[in-house]
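The next block holds one structure in the form of structure tokens; read it before the comments.
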Amino acid sequence: MGSASSRYILTEVPKYATPVAEARGDSCKTYDYVIVGGGTAGCVLASRLSEDPNVTVLLLEAGKSHEGILPSRIPLSFTKLLNSEFDWKFSTTPQEKLDGRRIAWARGRVLGGSSTINAVIYHRCAPEDYDAWEKQGATGWGYETMKRLFLKAEKYLPEAHSTVDPSHHGDSGPWKVRGVPLAPASETIVQACENAGIRSLPDFNTDEGTLGVGAFTAFIDEKSERSSAATAYLHPGVLQRPNLTVAVSITTERILFTNDADGTPRATGVVVSTADGAPKYQVRAAKEVVVCGGAICSPQLLLASGIGPAAHLAERNVPLVRNVPMVGENLLAHFSPGAMLFRMKPGTTWDYLYSPTSTIVGLLRWLVFGTGPLSTIGGQVGVFVRSDDPRLRSPSRGPIADLSSGPKAPDIELATAPMTVIARGTVNPPPGTHGITMGPILLKPQSKGTIRLQSTNMWDPPLIDPNYLATESDMNLALECMRITMRIARLEPIASKLDLSNPPAKPVFDEFWPTYQDPDTVSDEDLKTWLRKWGTTAWHPTSTVKMGASPATSAVDTELRVHGVHGLRVVDASVFPDQVSGHPCAAVIAIAERAAELMKS
């Protein structure tokens, strides 16, 4: 998108908000709906609500516009966005089981949110994930409902090389999705998994579920550019609506409340500013304030506004508006023991792309023809398995709790790339390196964490404690998925392409350490030493403002309204009743589609 839409995205606060000192009575700028957070869910909601010309919508985004960000447009270049100005640059509290390290948590701070900076993977996850939501009290959010919403959002673009059956996909939604061609090294990973007895799937996004190995589909458009929530839902035709106002570079500091006649708090607006200590402005919401800040910022804003556990708010001297004990609780996040790198013989991987000359050639190929490696994704092949699969199970593994959502749902993913990926791709490997990356992921960890206020100032990051590996089951699952990963790497056609020519004389727990280990004889202690050094987030935080029927066990009801508060909803991954067994971007968009339907009905 270019300048045609830029003029509809506001940065001058007085155009849409009123200075706090002047915000009295009818003088305050008012909108029917004020949406806090222009991320994945916020873009969808703003687009859908503003379809009704009789309502006014204000969308507030803390980050900048998504326009003109070249690394975001290029599907393979998402790692260039990590730790950039478009990333919140969050980090966790020190993690005891990871040698006290703080783990960086990338989240999108830009219009479109994490859909603008993530790995571009379209994945509906396991159908049983959503049926499990219903069983936990989220009535009306089962798989059949979610499937309808997936189809509503999607516009699948058939590809000659793809094995995907288009009948399983939507054809008229705004969000463009397509298959991607595989690199030769990715093909070898698929074949090795098949030789391990893992079934090959032509499409992860069907009623059959996700157990198996296959190529991911990706949200990429006809021009081989990322199709984010911003580009899909806030295209120029939407931004030109007179009843929609989109503002960027503006942080919401707190939600404002009054009390209804029965004493119930009602959200009536928000206070915003452009910088810490800068002048404050106010906007009023005639109907609702909708918080779409994601699993970190949404609970932070609620807590800073007096909505949350009374004891924690008292600790931070926040005036209590409503005691909602589950706000900031139940943090669930996918965990990886670390990206396992396997040295390969030359000529089989995409590591040549790290050379400056190849980068320029690849960029020109993408710009002119929309083809080449830059037009596809790095995480091309996914492997979804169960830890109790007898074909993969290690004989000596410790006890692992089955937290999967059903017998056809996985609890382990292997995220793979046909190249060496060091430090999330933010560091180039040494020249002459050839390798593949296989990242084992715990999809259903037992450990739960929290989001807490560091201070009452929304300009200070919250305290993020995922509580990684807090249980014996999680540690055993981490060890098991490491062994499974190494076992697959020892199968053909990968095995004969491994470069085992110069093994270190003694254990060196670097990124390539897994190359030289026998998965059946390597000790648990060595595996633990490695994961304490390299264990990290696999992103996807959820469930910190979880949805459910009871205020005792959830923070919002099944229409996403905060328990005990009028005029306030939350719409994003924080409302997931439980973690999904895969990549959640499609689920977040589906939730926002459903929220818009509920609000318009």
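Just so you know, glycine gets a Cβ as well, placed from its N, Cα and C.
Any TrEMBL annotation is an automated prediction that lacks curation.
Annotated features in TrEMBL:
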BINDING   V110, W539, H540  FAD binding site
DOMAIN    294-308  domain 'Glucose-methanol-choline oxidoreductase N-terminal'
ACT_SITE  H540  active site, proton donor
ACT_SITE  H583  active site, proton acceptor
> Which residue counts does DSSP give the domain 'Glucose-methanol-choline oxidoreductase N-terminal' (294-308) for helix, strand and coil?
Replying inline: 11 helix, 2 strand, 2 coil
> What subset of the binding-site residues V110, W539, H540 lies within 10 angstroms of H583 (active site, proton acceptor), using C-alpha positions?
Replying inline: W539, H540
> Near the domain 'Glucose-methanol-choline oxidoreductase N-terminal' (294-308), which residues from the same chain, at least 6 beyond its ends, have a CB less than 8 A from one of its CBs?
Replying inline: 36-37, 39-41, 62, 88, 90, 105, 107, 113-114, 252-255, 257, 316, 318-325, 327-328, 331, 451-453, 456-458, 462, 464, 541-545, 555, 562, 565, 568, 570, 572-574
> Which entry in the list of recorded positions, V110, W539, H540, H583, has its Cβ near the fewest other Cβ atoms, using 10 Å as the limit?
Replying inline: W539
> Record lists V110, W539, H540 as binding FAD; longest Cα-Cα distance in Å?
Replying inline: 17
> Hey, does DSSP put V110 (FAD binding site) in a helix, a strand, or just coil?
Replying inline: strand
> Which state, by DSSP, holds H583 (active site, proton acceptor): helix, strand or coil?
Replying inline: coil
